[in-house]
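Student: Swiss-Prot feature annotations, pasted as is:
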{"type": "BINDING", "residues": "295, 297, 302, 355, 397, 457, 462, 479, 481", "note": "ATP binding site"}
{"type": "ACT_SITE", "residues": "297", "note": "active site, N6-AMP-lysine intermediate"}
{"type": "BINDING", "residues": "355", "note": "Mg(2+) 1 binding site"}
{"type": "BINDING", "residues": "457", "note": "Mg(2+) 2 binding site"}
{"type": "DOMAIN", "residues": "688-787", "note": "domain 'BRCT 1'"}
{"type": "DOMAIN", "residues": "845-945", "note": "domain 'BRCT 2'"}
């Protein structure tokens, strides 16, 4: 254990020295000055951008405004920017006002003395319906105030300064905590009235933003931090405290070292996170060196506890630096957790990494965190804590700082030893997460089986000798949890690309596509741009259409934020980076100016029609919108590469196909297409390989998606293959110096240009024909699989060349096709079945609500007739075999013992598989009723059982 205060004293002395120099030599500027010199100018740049008035690149203009402001502050005010930072970045400020839109609107209406339920009040409450995309609530409110009040005329010496406003806000935060959060208390606040009567309209606008914790700078926080000091952004991610950043980083010439970017006692930091890998247990074990700890994955909230001065000062911070100290206690005698902490008497300071879960003291079980979300809101007040039979339980798993010394560079096993030495658990209040040391695949399976049998989320594997890496997601920590049947993995943050307007708009969403760039220079560990530099933006590809799960309020919010940005489909979108399939929305929006929606799906739809409809090569089945992601933009949305990895890591089954099913083993399937991939590798270089395409001209319009391996072959790769085998490329079909009979137009996507050529009578060939020619070593006659869009006459000829199973009459099949045909199991009744694709739009019909659901109804009294009828009536199936179910619904009051028995049966499948399993979800009957009520399959998260 480190010496008490040894390292800490030096750190405080150093900080003290810097604090003495971070001072301002001039009086505090007016708040109006801050509004005019920074906020208003940033808004003006946004106005210039929206109206195409910029004479410089928009990023350069933003940096110009912000750099001028920071220079002006240094030269006219001083080196301490903390007073301004609290107002510029209010969402980073520690003060809590508890003011939401409705609270502020009602307080403003009271200030204006408007009658209750007046038209103006209703207009303000429903402001999103009338406000433009770039209009914030603050501006909307000020416009209404202007109509009823004249602007206050304030003498210069009576203006509110930045320091004055910070003082007022400090008092307001105390008032809102002690006197309550109602709008009446805010309306009656002397501070609120003082500000409203002493501010210009410009000041009011940004004052309202500060109260609402909005972003007056938009998304340009990093630009301000970089202009003030080159290390400010990195340092803020470590300490999460504006005051510390301002006091330490006042001189841009003084750079931080690696030691400075480590844990600071009392200041929140971004924790290390576990990675979820879609690989086998064998691969996971290899990554961890076959020496690791196995711990239960707790279903709670990540918390870091900062313990200082022998427990006289304790802080609790969430993963995102939210201060929950008022909730859990600030010393050993207060709160719902702090007063149960029992550390060694020699521990002066320490930082513990933990998870807070909810414990049911009546049934002695840990409750799923999703079940207590509503009660967690009540827990924000002291009266709501430790009631209704459950209370918070702190599960500790790591110690990162001890008596002045950081422990992050110590191996994990050593940190665990320290933790057990310094912390004495208190049953059901403060406990250490149990762990076992493991070194083989069987232990992973058994641990996961045991965790699932008691209703746990899963397990976490941690490398035995791993160090702790702040603000990272490391492969040294790997989480393993099952995927639920009828769900497609993790939630996805998708970008809005288009819509079909109607009574209930259908929104088209897509994925960000990029390609990896090989780095010539080494990547610095602390470089935030290293990941960005290794990826080159390619564009966006359409993935799905979503209409379920979006509330009327969210539709209004989407309309407001995208107002004026929609284009009708007659206007061609920027095809260089917007890729649609055959399904083109009636209106499209530039994804770079669009919104991000969080989507949950039941599974993938891999049918041939879906492959053509969407540029991603498939779509989502049962997609459901969870929320609008205000904290995300197009640069941080879900990528095509992440999507492909998620697909390859799971055996997602096809949906909606009524064609004869061809059952091909995974091994054979990869053998069949290996020669095509080999061809791509062999012809990747532009050296001459053959003369197969000699005398032929090719116009290539799109990439090609390999429907078997789920791999995309880029347009440029197809062109290289053609050139390497004697073909010539053309860039358009209008200007030509060749015979039209020698032209082959190649495409697998209904792009705008492709559709235009189809209308003009051109036949379009699939890229599959190119690769089949290479496999055969000669020009092949066209078969149906080669025809992307052909005239009826040519299609009739193509179908005459194959039998009912797709076997060609006029050419020899290669060994891969032979392997495919001999391994298929052909349905004998295939000829009588119509060749149709299931239309997923039918899922909107109530009778298909539970299509694909095979439900096991669990009840102690077998009184399940009503629920069984409801499942059947809405398109699902009820089964008595748990092994065939993809959903378990618990009906009525079922004993915990019976539920655990079912969980054990489900978890027993874990031991039989080499990958993390897919298991049926288990929900309460409330899920069934809410699905029918909302006419969509709602997310299961809030209905899971303890």
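Yeah, the Cβs are placed from backbone N, Cα and C, and that goes for glycine too.
Structural setting of the listed features?
Tutor: Reduced to three states, the DSSP call for residue 355 (Mg(2+) 1 binding site) is strand. Counting Cβ atoms from all protein chains shown, residue 355 (Mg(2+) 1 binding site) has 19 others lying within 10 Å of its own Cβ.
The Cβ of residue 297 (active site, N6-AMP-lysine intermediate) lies under 8 Å from the Cβ of 451, 456, 457, 458, 459, 460, 479, 480, 481, each on the same chain and at least six residues away in sequence.
Every protein chain shown contributes to the tally, and the Cβ of residue 457 (Mg(2+) 2 binding site) ends up with 19 other Cβ atoms within 10 Å.
Mean pLDDT for the domain 'BRCT 2' (845-945) in this predicted model: 83.
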Student: In the structure shown, which of the binding-site residues 302, 462, 481 has the fewest other Cβ atoms within 10 Å?
Tutor: 302
Student: If you draw a 10 Å sphere around the Cβ of residue 397 (ATP binding site), how many other Cβ atoms fall inside it, taking every protein chain shown into account?
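Tutor: The answer is 23.
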Student: Treating G and I as helix alongside H, and B as strand alongside E, what does DSSP give for the domain 'BRCT 2' (845-945) in helix, strand and coil?
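Tutor: Residue counts for the domain 'BRCT 2' (845-945) by secondary structure: 42 helix, 18 strand, 41 coil.
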Student: Non-local Cβ contacts of residue 295 (ATP binding site) (under 8 Å, 6 or more apart, same chain)?
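Tutor: Set apart from residue 295 (ATP binding site) by at least 6 residues yet with Cβ under 8 Å, we have 397, 433, 434, 435, 459, 460, 462.
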Student: Counting each residue once, how many in the domain 'BRCT 1' (688-787) are helix, strand and coil under DSSP?
Tutor: 33 helix, 19 strand, 48 coil
